[in-house]
Amino acid sequence: MADREMAAFGAAAFLRKSEKERLEAQTRPFDLKKDVFVPDDKEEFVKAKIVSREGGKVTAETENGKTVTVKEDQVMQQNPPKFDKIEDMAMLTFLHEPAVLYNLKDGYASWMIYTYSGLFCVTVNPYKWLPVYNAEVVAAYRGKKRSEAPAHIFSISDNAYQYMLTDRENQSILITGESGAGKTVNTKRVIQYFAVIAAIGDRSKKDQTPGKGTLEDQIIQANPALEAFGNAKTVRNDNSSRFGKFIRIHFGATGKLASADIETYLLEKSRVIFQLKAERDYHIFYQILSNKKPELLDMLLITNNPYDYAFIPQGETTVASIDDSEELMATDSAFDVLGFTSEEKNSIYKLTGAIMHFGNMKFKQKQREEQADRDGTEEEDKSAYLMGLNSADLLKGMCHPRVKVGNEYVTKGQNVQQVSYAIGALAKSVYEKMFNWMVTRINATLETKQPRQYFIGVLDIAGFEIFDFNSFEQLCINFTNEKLQQFFNHHMFVLEQEEYKKEGIEWTFIDFGMDLQACIDLIEKPMRIMSILEEECMFPKATDMTFKAKLYDNHLGKSNNFQKPRNVKGKQEAHFSLVHYAGTVDYNILGWLQKNKDPLNETVVGLYQKSSLKLLSNLFANYAGADAPVDKGKGKAKKGSSFQTVSVLHRENLNKLMTNLRSTHPHFVRCIIPNETKSPGVMDNPLVMHQLRCNGVLEGIRICRKGFPNRILYGDFRQRYRILNPAAIPEGQFIDSRKGAEKLLSSLDIDHNQYKFGHTKVFFKAGLLGLLEEMRDERLSRIITRIQAQSRGLLSRMEFKKLLERRDSLLVIQWNIRAFMGVKNWPWMKLYFKIKPLLKSAETEKEMATMKEEFGRVKDALEKSEARRKELEEKMVSLLQEKNDLQLQVQAEQDNLADAEERCDQLIKNKIQLEAKVKEMTERLEDEEEMNAELTAKKRKLEDECSELKRDIDDLELTLAKVEKDKHATENKVKNLTEEMAGLDEIIAKLTKEKKALQEAHQQALDDLQAEEDKVNTLTKSKVKLEQQVDDLEGSLEQEKKVRMDLERAKRKLEGDLKLTQESIMDLENDKQQLDEKLKKKDFELNALNARIEDEQALGSQLQKKLKELQARIEELEEELEAERTARAKVEKLRSDLSRELEEISERLEEAGGATSVQIEMNKKREAEFQKMRRDLEEATLQHEATAAALRKKHADSVAELGEQIDNLQRVKQKLEKEKSEFKLELDDVTSNMEQIIKAKANLEKMCRTLEDQMNEHRSKAEETQRSVNDLTSQRAKLQTENGELSRQLDEKEALISQLTRGKLTYTQQLEDLKRQLEEEVKAKNTLAHALQSARHDCDLLREQYEEETEAKAELQCVLSKANSEVAQWRTKYETDAIQRTEELEEAKKKLAQRLQDAEEAVEAVNAKCSSLEKTKHRLQNEIEDLMVDVERSNAAAAALDKKQRNFDKILAEWKQKYEESQSELESSQKEARSLSTELFKLKNAYEESLEHLETFKRENKNLQEEISDLTEQLGSTGKSIHELEKIRKQLEAEKMELQSALEEAEASLEHEEGNILRAQLEFNQIKAEIERKLAEKDEEMEQAKRNHLRVVDSLQTSLDAETRSRNEALRVKKKMEGDLNEMEIQLSHANRMAAEAQKQVKSLQSLLKDTQIQLDDAVRANDDLKENIAIVERRNNLLQAELEELRAVVEQTERSRKLAEQELIETSERVQLLHSQNTSLINQKKKMDADLSQLQTEVEEAVQECRNAEEKAKKAITDAAMMAEELKKEQDTSAHLERMKKNMEQTIKDLQHRLDEAEQIALKGGKKQLQKLEARVRELENELEAEQKRNAESVKGMRKSERRIKELTYQTEEDRKNLLRLQDLVDKLQLKVKAYKRQAEEAEEQANTNLSKFRKVQHELDEAEERADIAESQVNKLRAKSRDIGAKGLNEE
């Protein structure tokens, strides 16, 4: 494009190089071999010149004068200077990183910020305003192709717009790049461009409401509103978008703006409460504080100082490039233009102000408590006022939130840190939800009621991020970019490769999009990073470190993209690394779980939902907390809101975005940030290289290098490069452009692999085009120097020639002047000079007179023509008016037709939506039915559990009552003991009285007493030991008490769970009611759909009426056109008259001798006017004809379209009715299944009850043992008290030894009673152990049953494997039979594989382009319907064929009976049968293989189809494959027919060969003909014929003996005759078809017979030889008859084998059915096993629950024991008091010396026995305790074993389930094979029918052969007679 053309763009200097620059670049010195790029540490790459090359290394001098030495492979060549600042980098000769970098750098230095790189555009941020976006530039780019204009964002936008209009396809523009690269600005420019070129014009202004702008204004003003709340200052960018957006701009059918909508992604909500130092919060906060609108500050109760609010001044508060006050007014006016009400605006401002006040809330820690308390209420009151809340409730919710524990709400205390975190989370949530609400509100405004056809989506999203500290947000952004890059790769490189295929270049398709699939799968697939993160979020005890451990366990060392990072000192710690396409990124996982869960204070959220501020309550209206029930109506796939994590939401949004993008034609824009200092014109090479790698620009170049990036049309190539070798393309003769290019390239010294020839272009590898350019430049330089030399010589010669001519002319002039000077004064010459003027004046006067006359005549004619012209003009005006009226009418009709088309389109869309809704409703109905069944089952289960828990509660209450009774008994015992102590006190008083009397005796017994005291000391030591043992026992008792306390807690927990289950049952009942209501609604909706279909039918009839009206209108228009044509004919006549008159006038003028200049000009004007009128008339007629033709065509098209739509609607109605009936049937099936399930459940419940009864019995026994243990503990306490009392009595009162002995006897009795009780308890324990063993035995029995069932299943699997092996044997058998045609089958296989591969590629293309799927969807549905019809027909045909098969079997039996004795022709049918059977088996194998391929194809299709319904896709794909298989089958049938024809030819040849045994054939044919008429008669005729033949044989044998000499000669004659007979046979076969030919053949045979007669005359002796030969033939005949008998036996054997094969086929089908039934029984058994397993699990859970209950009871008993221990301590205190009294009274014991001596022996004996008993008792108790502990440990072990066993059972069930699935697959395959066998049987039947027809044909041919043989025999007889006559004559003559 020249500079003159570029001037239209206004800013040419910023868009493209000038011509001067281009010329300078071409003349700049450049050496292709020396000018290179070398790597550099600072600048990445620098330009250099090669100095030398040595040993694989290169020494080069850089531009800076620095000499470097690098490896040769690191050196990269520079492009020629003419490629500098090239607009499309894909056209560079050398495509590599430095070339791209320097091309961008040079362009950026000249402020050319836009560059193409193949299919996408690269833009660099200029950091300054450039005049490239004004209205002049917009107008220049409008309607321009990409190649016609310089690179620009407007060019991308206009191309997208033009593609949308021409291709009728949605478009998208993907703008990506890092923060500060200019994404937002380019997005604005794209929207600005569309708003200008596609403005809806006057109509939008008419529709404009006061206070609101036009649609294009609203689209433009949506940006300021979103930027105020979504943009902020960052380190790199003052106006950085902190969210991604996808703006869809919708257009009508004519390309006018219709509406728009916006989707947003990944808002950075953490910025609301935290900013880095060099950054700041969202713009809206600072705009409000700018004090531009003071009323806002008053309304929000804030100041204009940002430092007064904690959330917003953490970084910077002002930005030099942004005026916050002006931006506030822009935001406010944008709200007005977008139609926000004042209430909505104020609500937004209030919530923003409330967030600022949130940051100022202060809390303090309460003293001595971990509880936060408010520190002032001013900010809380302000924020509560702005949010429409109660301040006290808000504070209470912050400090004391309510948490749901079980079924109850509990108030939880919060510390200061927790409260501040909750405030931040609430502020972020409010801001995020407010931003999302704003987006939906803007979308509602941009949604107009105008019809919309297509849209262009603009995606502005953050680019790839690699920071020092990368967290969860970076993972989400990088994952998004990974998906987008994969989409970009697929689109770009698939298009590139499609062009190669289109051009016919040999190219193996490379799917570059899969390069990134490993990383994408690592992030999003199940058990990968995202799913593990979501799983960890569900566990309460999970932490970031457990998340890290799971990641390492699952992926470290298993995935190449997952790596362990290298932590560097001074940098943030990294936990794992991911290898992305842009580089390896280290991620830090701290806080990921919290970020993903994003929890909120639900108490405060509840307040928000009740807020008086309408906007706030709406924002949180749909919020459901962690304790809220899951919404069942949305199906199982939806999780509850508690599990709607950030990662899940992000993936859902990303999947929606990708589906949107896949349905469009994408255009890519890559934005690049040149430097981080925001300096204009400066480019930081390493930064730009990093972005180029991240943006995929270099990736695109890498893939581009694999292909052919440079391509030129053949004509252009020939024109441009013919100069390289003109001799290759001769000048004189015509040569095609392609052939010329081929010849030219082959003549050059170039590697042929570097270029390829397409259909229209020649393709070059990267670098070759630059080489050609260099060669062309060299050639041009040589040619130009030669031309310059020649031109200089030519110019000098021309100059010399001019000098010579000038000299000659000067000589001539000189000669003439000299001559004139000689005659000048001559008198006659003077006279001549005077007379010459007078002669001309007379002639001029005559001419003037004639011209005046002519002028008068012309003037009159002119006046007449003027009047005529005026009349014609008036008529023309009237005609033009009529034409305009007609055009208006046509326009109105076109508008009506367009409206009708739009309505039809809307109807089609409604139909599609209805179908989708019906599918959704059916799916939801199925899901709800499943949920209903599950809920009913859960409800019943919970009811059973409730009843069990109630029983447990009753049992616990009984045990409590018993315990209370025991407690009362112990209290009574304590009272009795206190009374006994009082009695002892009285005894002590009496003893004090006796003390005085005994003092004297005491003095004497002191010595003896000392000895006794020593003994007592030993006793006290033994007592201490016993007490220690007692303490140990008490410790064990305390442990038992703790266990009992735990059991009590578990019991309380169970009670809470019971309440929860009851509540959940209530909820489930409510859900059930809701489901019933939804079912009713669905019925109502179905009725509504039927009504809607009827309405659509009515609408169709209305459209038909309208069509009739339009037809009538068109007929009227045609009549008007006819009238206009007649008028046009009249005008044509007038025009011809005028032209005649004009010609006459012109002739007159010519006769008059010409006219004046005025008349000539008038004539010219009139002619021009007449020509103009003529042209106008012709144009008008052409326009009328064109409009009429267009109207007719449009009418026909509209009629056809409306008819198709009506047919489609009728089909839809029928389909809906079918689906309705199918749904009803499915409902009936579901109800029957439900009844069966209910019955099975009732049986299971009965079994559960029996087991529960047994468990209750065991439980009661366990409780009895517990009670006995409690009794033992109480008795042990009593023993301890008694032991203390005994010791005290021994020490204090020796006088009361007799009483102690009595007490001892009572205690011994009590001990014996205790022993008896212990023995009873041991017995009870033994019984319990027996019961436990029996229960274990039952469990073992159940386990054995389960193992038996598994063994049975294994046996079934063995049977199935045997069946499979049999099938495999059959297959191998068939394969061995089919060896003869393996090559053909392999070819068929290859064809099939190729077709399947093509189908797979088609499926991939379909997956990649969902839009094309949408178009083909209707066609596929029609094909499916046709297939269904074909299937029904084939079923009917199959039934008919079954009937034919039975009839055919009968016919075969009859034919077999008829032709058992004589069928020599069956040999051919046997061969045919063999070949057909082999073909059948081959077809069968091929069909089985095709079925296997079909199955694999189905599975792949299921995986690939995500959004289109699986059913339609599978049917479509199977339909395609079935069509292909039918084609293959037809091909194979054609081959079979060819083989049959070949067999027929073989049969014919066999007939020729059997000419030797004509008599045997004659006999056979006679027998066969007789069987057809009457078997009996033919038998008789055969016998007579045999007798005749025997007579002839006898006569011939008699003559044989005499004629032995001439045998050799007769043999020769016989051979000759056989040849003649063969010729006759051939002629006779032709005689069947044509009678005339038959007669000719008879004549030829007669002539041949005459010849043979002459030969026989010559050789009389040959007759006898012939007779001898005939005898030999008779013998051969006999032999052949024997062979025929053998062949019949073989045929019978083959028939039997065929029947056996059929029988085996039937048996295999029966086996398949048996296997199917076994499979169903296995499935039922599996269901039973699952039910048993679930029952066992429930039982185990109940046992565990009972153990917990028992533990709780034990804990309760321990508490009671603790109380009793306290009472014991009190008693011990009293005993200590008594001991003190004893010490005081020891002095009084002297008097009791004598009694002490007596009592000494008794005391010693009794004490020892008592001690021995106590020790024995202690040992028994210890043994019992150890046994009890052992039992407890065993029970724990048993529990663990049972748990392990349960896990094993679950694993086994899972394996069984998998095996069953495999069995199901096998059964399905077998069923498919059975169907294939059925089809093959049908095909065999068809083949049998064809064989039967062939047999009849052969039979007919045999009849004809019989006739021919009869004729031949008669002729032979004649010959014999003649020969005999001749022989007789010869004998007579002799």
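For all residues, glycine too, the Cβ spot is worked out from N, Cα and C.
DSSP assigns Ser179 (ATP binding site) to coil in the three-state reduction, placing it in neither a helix nor a strand. Per Swiss-Prot, ATP binding site is recorded for Gly177, Glu178, Ser179, Gly180, Ala181, Gly182, Lys183, Thr184.
Confidence annotation: the coiled coil (839-1934) carries a mean pLDDT of 68 in the model. Annotated coiled coil per Swiss-Prot: 839-1934, in sequence order, evidence recorded as sequence analysis.
The feature domain 'Myosin motor' is assigned by Swiss-Prot to 84-777.
The feature region 'Actin-binding' is assigned by Swiss-Prot to 654-676 (among others).
The feature region 'Actin-binding' is assigned by Swiss-Prot to 756-770 (among others). DSSP labels the residues of the region 'Actin-binding' (756-770) in these numbers: 3 helix, 6 strand, 6 coil.
Among the features that Swiss-Prot reports, region 'Disordered' is placed at 1914-1934.
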(message) Most Cβ neighbours within 10 Å: which of the binding-site residues Gly177, Gly180, Gly182 is it?
(response) Gly177
(message) What does the DSSP secondary structure composition of the region 'Actin-binding' (654-676) look like, as residue counts for helix, strand and coil?
(response) 9 helix, 8 strand, 6 coil
(message) Return the count of C-beta atoms lying within 10 angstroms of the C-beta of Ser179 (ATP binding site), excluding that atom itself.
(response) 18
(request) May I have the list of same-chain residues other than Gly177, Glu178, Ser179, Gly180, Ala181, Gly182, Lys183, Thr184 whose Cβ is within 8 Å of the Cβ centroid of the recorded ATP site, in sequence order? (result) Asn125, Arg236, Asn237, Ser240, Gly463, Cys671, Ile673
(request) Compile a sequence-ordered list of residues in the same chain as Glu178 (ATP binding site), six or more apart from it, whose Cβ lies below 8 A from its Cβ; state 'none' when nothing qualifies. (result) Arg236, Ala462, Gly463, Phe464, Glu465, Cys671, Ile672, Ile673, Gln691, Cys694
(message) Restricting to the chain of Ala181 (ATP binding site) and a gap of 6 or more, list residues whose Cβ falls under 8 Å of its Cβ, or answer none.
(response) Asn125, Gly463, Cys671, Ile672, Ile673, Gln691
(request) Note down the number of other Cβ atoms within 10 Å of the Cβ of Thr184 (ATP binding site), including every protein chain shown. (result) 23
(request) Measuring CB to CB from Lys183 (ATP binding site), give everything in the same chain under 8 Å that is also at least six residues away in sequence. (result) Ile175, Thr176, Gly177, Ser241, Asp460, Ile461, Gly463, Cys671
